[in-house]
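Here's the structure, in structure tokens; my notes come after.
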């Protein structure tokens, strides 16, 4: 039988989950207890960790929190590692089943966004089309881990959550914003209120099925899922984590079951109306490198040219999000959105 002291030694690595992952190491044991035996943990593989209260109830929420799907987006990775540490020490009570995922450990170790292909474009089975990519098996592993985790979760609304944390390549008119996957159903008031609590200023609403991690968990696992963009890409150790305090606090309240947060204003809503798709390496994107996400453009403005392809603004005003001419041909080089705050808030389910 494992003694309390042995269990504590086996769980010491939980003080720095990030360091263990960056080193490519495995913990001394695959399962154990922490937080004075109040929490059970199980290491599920590189960058994957499940934590559950020792007295877990059948109707308890199941929450997946992920970061590092892009390996150079370091601030959310550091926040997630600190979350694990505080749960393991007993400083943060755990009142849910929690799956922690550091998405792309190989890219994290290399200090790169990805090794071969953007991992956040490979979910929903798309990884099968790129079998030679080093990201493909990781996408399949993350899908399997999420599906297994949620397979035993409750089915009531709000019983399943997925928060996928990122940072953006460029600045934004709204420094911290969220993206909600398209499910065919109106977005929920529960999610919008949680995002308001996290002081997220804007929400981008997808209108077609995507291949991101949060799209997969929403579609295949029935989770309330969102992608959070929490600032700009910085190297490990160079982040001012205080800038992310409201979002971090909202995640902590979610996993600890607290309901004492002051209600924030609902975020503004923006709906995708089109995208710029890179046809070839001849793409010209008429958006400067320092133009922030959500910058507005007036009707008629030419934003992109690629051979015979043109994209000009069709609505009175469209805002561009994630402009990136460096993506591979066939991929999205920018999203165009319009504000739909009033209608979106009125339709919240």
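Keep in mind that glycine also has a Cβ here, set from the backbone N, Cα and C atoms.
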Let me know which member of 162, 166, 182 Swiss-Prot also records as binding Zn(2+) at the site of 70, 73. 166
Please report the number of other Cβ atoms within 10 Å of the Cβ of residue 229 (active site). 25
Inter-residue C-alpha distance, residue 166 (Zn(2+) binding site) and residue 229 (active site) (nearest angstrom): 5
Round to the nearest Å and give the CA-to-CA distance linking residue 73 (Zn(2+) binding site) with residue 229 (active site). 10
Compute the C-alpha separation of residue 70 (Zn(2+) binding site) from residue 229 (active site), stating it in Å without decimals. 12
